[in-house]
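J.: Sharing a structure here in structure tokens format.
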Amino acid sequence: MPRAEETVTPRRRDSAVDAARGLALLGMFFAHAAPGLPLGSPFEIVAWASEEKPRLLFALTAGIGLGYLTMSAWRAGAGRGRVRGQLAIRAVLVILIGLGLTALGPLLYVVLEEYGVAFIVLIPFLFLPASVLLTLGIGLLVVASIGSAVFSGRPGFDPDASIAGWIGDLLLTGVYPVLIWVPIMMIGLALARLGLHRRRVAYTAGAAGIAGIAVFEPLAQHSTALYVPLVAQTLSAFSVGLVVVAALTAIITFTPERVGGVANAVLSPLAAAGSMPLTIYSAHVVVLAATIHEENGYLTDDSWPVLIGISVGSLVFAWTWRRFIGRGPLEWLIGVASGRVRMPWRRATPAVD
């Protein structure tokens, strides 16, 4: 018999969401390190899947994880100020790590600064009702997607020309626009609060994602209307993220016990990587910065051996570390620094990252 619906609690890691986050990490690796593919390559579908979808899937799973992280304070109503303070400290530390990685001079764009800023922007909205978060998230995502397409398409737009331009690039027109990440994180936060392990919630999210892909992907690929392809690309990529999270949740949670157990075991390396995203992401930036080389007169970090190495190495390291030690090293350090994780001789604060 299929297992009964489960209610997510803040003490329980969600392996489906971790696996989705791990998949997003692998997609980022492909986007950052895969050499260019010739037309007609069988890997074109992988290239399509790694364009913008991994980063928005990462934002969605970050919001869901934040929902689990704050679940006890949301339910009890107590300790919310402490949780906000811990999140602010974590966000600042993530920004500092991002700045440190950027200083290494990688050819890729480091996302951690925007990731930290998005968490700070989200703090005032952290304990809103799930229905409000969902409505606000969907509305802001549509508005921000349109705004990003309009402003980034303005002739002569130069984000480096002024402070205002730099702020606009950070928030709306950059590689990782904060005002697009924040509403997606709001939606993820709402899904966690509604109970992603409830069949109705997971199936509704999956159905919405499928509908979004059906509507927006053709527009992204074929529309010639001004700004429509850019807006549709963002909304389609987000829809793919919804489908991935819902599908993995259904496979692990709603299938018969034996099937779910096998799926959980097969996906455990992905889930392990997804349980320590800061560690794995940071390590891959360091590796790519260290393997920059010249090819045909240009600097590049593209390499199939490096891509395969960081992908397999990340999964093996994460699975082994999680199996024998537990929390990822950078996740543990940030948890201790923010007061979320206590040293062994002090009482721990129950949490799921």
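Note: Cβ is positioned from N, Cα and C throughout, glycine not excepted.
TrEMBL entries are annotated by machine, without manual review.
Sequence annotations record features per position, and here TrEMBL assigns transmembrane segment to 20-37, 57-75, 87-109, 115-133, 140-157, 163-189, 201-220, 226-254, 266-292, 304-321. Annotated domain 'DUF418' per TrEMBL: 195-334, in sequence order.
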J.: Counting only residues 6+ away from its ends, which parts of the chain sit with a Cβ under 8 Å from the transmembrane segment (226-254)?
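T.: Result: 2-3, 6, 14-17, 19-20, 23, 49, 51-53, 56-57, 59-61, 64, 141-142, 145-146, 148-150, 152-153, 180, 184, 191, 196-197, 199, 202-203, 205-206, 208-213, 216-217, 219-220, 260, 263-264, 267.
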J.: Which sequence-distant residues neighbour the transmembrane segment (87-109)? Criterion: at least 6 residues beyond either end, Cβ under 8 Å.
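T.: Residues packing against the transmembrane segment (87-109) from afar: 32, 66, 69-70, 115-117, 119-120, 123, 126, 175-176, 278, 282, 285-286, 288-289, 292, 299-301, 330, 334-335, 337-340.
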J.: Please list the DSSP helix, strand and coil residue counts for the domain 'DUF418' (195-334).
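T.: When I sort the residues of the domain 'DUF418' (195-334) into the three classes, I find 110 helix, 7 strand, 23 coil.
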J.: Taking a Cβ cut-off under 8 Å, which residues six or more beyond the ends of the transmembrane segment (201-220) line up next to it in the same chain?
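T.: Contacts of the transmembrane segment (201-220) (Cβ under 8 Å, skipping residues fewer than 6 from its ends): 191, 194-195, 228-229, 232-233, 235-236, 238-243, 245-247, 249-250, 253-254.
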J.: Please compute the mean pLDDT of the model over the domain 'DUF418' (195-334).
T.: 94
J.: Residues of the same chain, at least six outside the transmembrane segment (163-189), with any C-beta under 8 angstroms of its C-beta?
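T.: For the transmembrane segment (163-189), the list is 55-56, 59-67, 109, 111, 114-115, 117-118, 121-122, 125-126, 130, 133-134, 136-141, 144-145, 147-148, 151-152, 157, 234, 238, 241.
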